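Novice: For reference, the structure I am asking about is given below.
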Amino acid sequence: MIIKSAKFMSSATKPGNYPPPELPEIAFAGRSNVGKSSLINSLLKRKKLVKTSSTPGRTQLLNFFEVNESLVFVDLPGYGYAKVSKEMRKKWGQMIETFITTRKTLHGVVLILDLRRIPGGQERENLAWFDLNNIPVILVATKADKFSRQRQLAQQKEMAKALGIPLDVIHVFSAKTGQGRDELWESILDLCEIDDFEQGDDDNV
C-alpha cells in the first residue's frame, strides 16, 4: 500500500470541534494498551505520527489524521482502563458514542483486540452495539508476532468462538512484522469505497 502523505489534523471532544466532513473516515477503537497507536503507525508506515505510551488510558481525545488526502483515520480513546475514574470513563463513552452515531462521513470502525487475550463480555457488547447502530466493523487481533503461525490460528479460533463469529472475520496483525497490513488496508479501502491510493513511492518521514 502506497502512503504518499499522512498528517495530524486536529483533536476534538465534541461535534463543534470536528474537522469539516469532507473525506471518508475510519475510526480505531480498542482496549487501553491493546496496541492501537502502533497499529495505526504501522498502517501509515510512520513511527511516531500517533503517539504511543506505556501508560494505558493516555488518549483522551478524538484524534484525526488525514491520509493521502483521500481519507481520515480517527483514533478513539481506549476503554477498560481501571485506573481511570468512572466519571472520566462515562465522559469518554459519551464522546465516542456521539461521534460514531452522528458523524455522517464515518464509514466504519476498526475494533482492535489483543490476540493473546480471549475477548469477553465487553467485546461482545461492543459488537452488538455497533450492529444495532448499523456501524460496519473490521475486527483485528494485534500482537501476532508473540505466537507461531500455528498458535496464531488456534488463538484466532478461540476468539471467533468467544464472539460467535466466523473465523475469517478476524484479521491477524503485527505492527512489529507487518503481518496482515495489506489485508487490513484492503478491507479499509473497500469499506471507504476507495479503489486504491495514488501509485508511487512511500513518502516516509
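Every residue gets a Cβ built from N, Cα and C, even glycine.
These numbers come from a predicted model, not from an experiment.
Reproduced below are the annotations present in Swiss-Prot:
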type	residues	note
DOMAIN	22-194	domain 'EngB-type G'
BINDING	30-37, 57-61, 75-78, 142-145, 173-175	GTP binding site
BINDING	Ser37, Thr59	Mg(2+) binding site
Novice: Counting all other Cβ atoms within 10 Å across every protein chain shown, which of the binding-site residues Lys36, Lys143 scores highest?
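Specialist: The largest 10 Å Cβ neighbour count belongs to Lys36.
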Novice: Taking only the residues in the domain 'EngB-type G' (22-194), give me the average pLDDT of this model.
Specialist: 88
Novice: Going by DSSP, is Lys36 (GTP binding site) sitting in a helix, a strand, or coil?
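Specialist: Once the DSSP labels are grouped into three classes, Lys36 (GTP binding site) ends up as helix.
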Novice: If you count other CB atoms within 10 A of each CB, which of Asn33, Ser37 wins among these binding-site residues?
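Specialist: Max Cβ neighbours within 10 Å, all protein chains included: Ser37.
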Novice: Between Lys143 (GTP binding site) and Ser37 (Mg(2+) binding site), what is the CA-CA distance rounded to a whole number of Å?
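Specialist: Distance (Cα to Cα, whole Å): 12 Å.
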Novice: C-alpha of Ser37 (Mg(2+) binding site) to C-alpha of Leu61 (GTP binding site): distance in Å?
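Specialist: About 13 Å separates the two Cα atoms.
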